[in-house]
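Participant: Residues annotated as ATP binding site in TrEMBL: Lys7, Phe8, Gly9, Gly10, Thr174, Asp175, Tyr180, Arg185. Sequence annotations record features per position, and here TrEMBL assigns substrate binding site to Thr47, Glu74. Positions annotated as domain 'ACT' by TrEMBL: 274-359.
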Amino acid sequence: MALIVQKFGGSSVADAEGIKRVATRVVETQAAGNQVVVVVSAMGDSTDELLDLAAQVSTASNPREMDMLLSAGERISMALLAMALHEAGTSAQSFTGSQAGMITDAIHGKARIIAVSPHRIKASIDKGDIAIVAGFQGMSRDSNDITTLGRGGSDTTAVALAAALKADVCEIYTDVDGVYTADPRVVPAARKLATISSEEMLEMAASGAKILHLRCVEYARRFGVPLHVRSSFSQLEGTWVLPNPDDTIKIQEGEPLEQPIISGVAHDRSEAKVTVVGVPDIPGKAAEIFGIVAGAHSNIDMIVQNVSTHGSGHTDISFTLPIVEGAEALTALKAAQETVGYEGIEYDEQIGKLSLIGAGMRSNPGVSYKFFKALSDAGVNIDMISTSEIRISVVTSAHLLDTAVRAVHAAFDLDGDAVATVYAGTGR
Ligand code: ADP
Ligand code: ASP
Ligand code: MG
């Protein structure tokens, strides 16, 4: 008997019909002789709607209350799914994150998992029930408060449970048939990948491909959990994210012997660019600036420092960070203007980031040239550049991002013949 963890995203449980469809799928999985643990997200865009509501009643930040509010979304889905499963004649029980033993640190809004003790889940499936767990949430042992793991965090709940329960597979059900060479909402000609290495999936997720939560991919790799990303709207085989580097040599019949050079293109609209203008060009200033930003709990992504103009003794430092962390970082930086001695600060939310990802980049010269040529042919101006061993990223202006993604996708021959199916969801 296999143990399968199945996670259903918001678009899969968006309404009563969706919940019933998911219930049927779960019942079929159990009837095929498996133990099933289900992780659910909040219905449709309800997490965004709760955030909108909060913004209407308060402009201040209320991290503890925000987590109480947002964690309610997943509780609604889990209870409704349990009822639909009872209606279908099976025995099911739902559990909140804390009841399921998801212990986190106390950082509201982006809590990290520190322990998983799913005793109640184990007991429930061992007596033949279907256990349903609310994704995206946990509890801090220090504060005894409810926490959330950050947007998209239900994927991470599912993998953490799969690892703790030693599940055979963790299935991530969503509104597209798997991981594609680009977001099918932006590139209709994107192709579904049969497999992707966890190394490449990590870069895709870190570069904004929200199909999988970054921490879910990291967790799956660390604990060797096989991830299968697929659609709850079709019976098609999805994409397997292979946890071990050696797995990539398991060539299936009919597949080319060498992996393609490029696995995909990712894009991200969730970042803003900060430019600190006229920073004294002396040792220690960059450390001061990034110390202040770290103190405001911001995660910095790309960094560019311009060469100081001859004789001016001053330079500009630009960096990107998540838009949601922008306000706090700006306040902290402005408060330190005199101590740091910079001249001014610029802030731009109208930017987009595009990344090209592929493990084959390491051994193939000419990838950068082709990439920049495609952008130049499409008339896209580049603001910032960063690279890793298997990724090239650029920042462009937001309104050119979609054009840039399609141009790069086509230049690397990633376009397929068919139009990728997007079954549901609003892309919000
Ligand atoms: P869920 O609610 O099921 O968690 P998400 O909205 O978080 O779903 O993630 C699924 C979406 O991710 C897709 O609808 C698609 O628009 C987007 N996406 C971005 N990049 C990719 C990619 N490379 N392959 C497939 N989907 C992608
Ligand atoms: N409901 C949460 C969100 O919208 C968590 C998730 O869906 O994974 O971010
Ligand atoms: Mg998601």
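Glycine is treated like the rest: Cβ placed from N, Cα and C.
Model, not experiment: these values are computed from the prediction.
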Participant: Taking the binding-site residues Gly9, Thr47, Glu74, Asp175, which residues show a Cβ-atom distance to ligand 3 below 6 Å?
Facilitator: Gly9
Participant: Of Lys7, Phe8, Gly10, Thr174, Asp175, Tyr180, which binding-site residues are close to Glu74 (substrate binding site), meaning a Cα within 10 Å of its Cα?
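Facilitator: The binding-site residues passing the 10 Å Cα test are Gly10.
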Participant: With the Cβ under 6 Å from ligand 2 as the test, give me the qualifying entries from the binding-site residues Phe8, Gly10, Thr47, Asp175, Tyr180.
Facilitator: Gly10, Thr47
Participant: Distance check, please: Cα of Arg185 (ATP binding site) against Cα of Thr47 (substrate binding site), rounded to an integer number of angstrom.
Facilitator: 21
Participant: Tell me which residues of the chain lie with their Cβ under 8 angstroms from that of Thr174 (ATP binding site), as long as they are six or more apart in sequence?
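Facilitator: Spatial neighbours, sequence-distant, of Thr174 (ATP binding site): Gly9, Ser11, Ser12, Ile211, Val229, Arg230, Ser231, Ser232, Gly425.
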Participant: Tell me the Cα distance separating Thr47 (substrate binding site) from Lys7 (ATP binding site), rounded to the nearest angstrom.
Facilitator: 17
Participant: How big is the ATP site in terms of the longest C-alpha to C-alpha distance among Lys7, Phe8, Gly9, Gly10, Thr174, Asp175, Tyr180, Arg185, in angstrom?
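Facilitator: Max span of the ATP binding residues, Cα based, is 22 Å.
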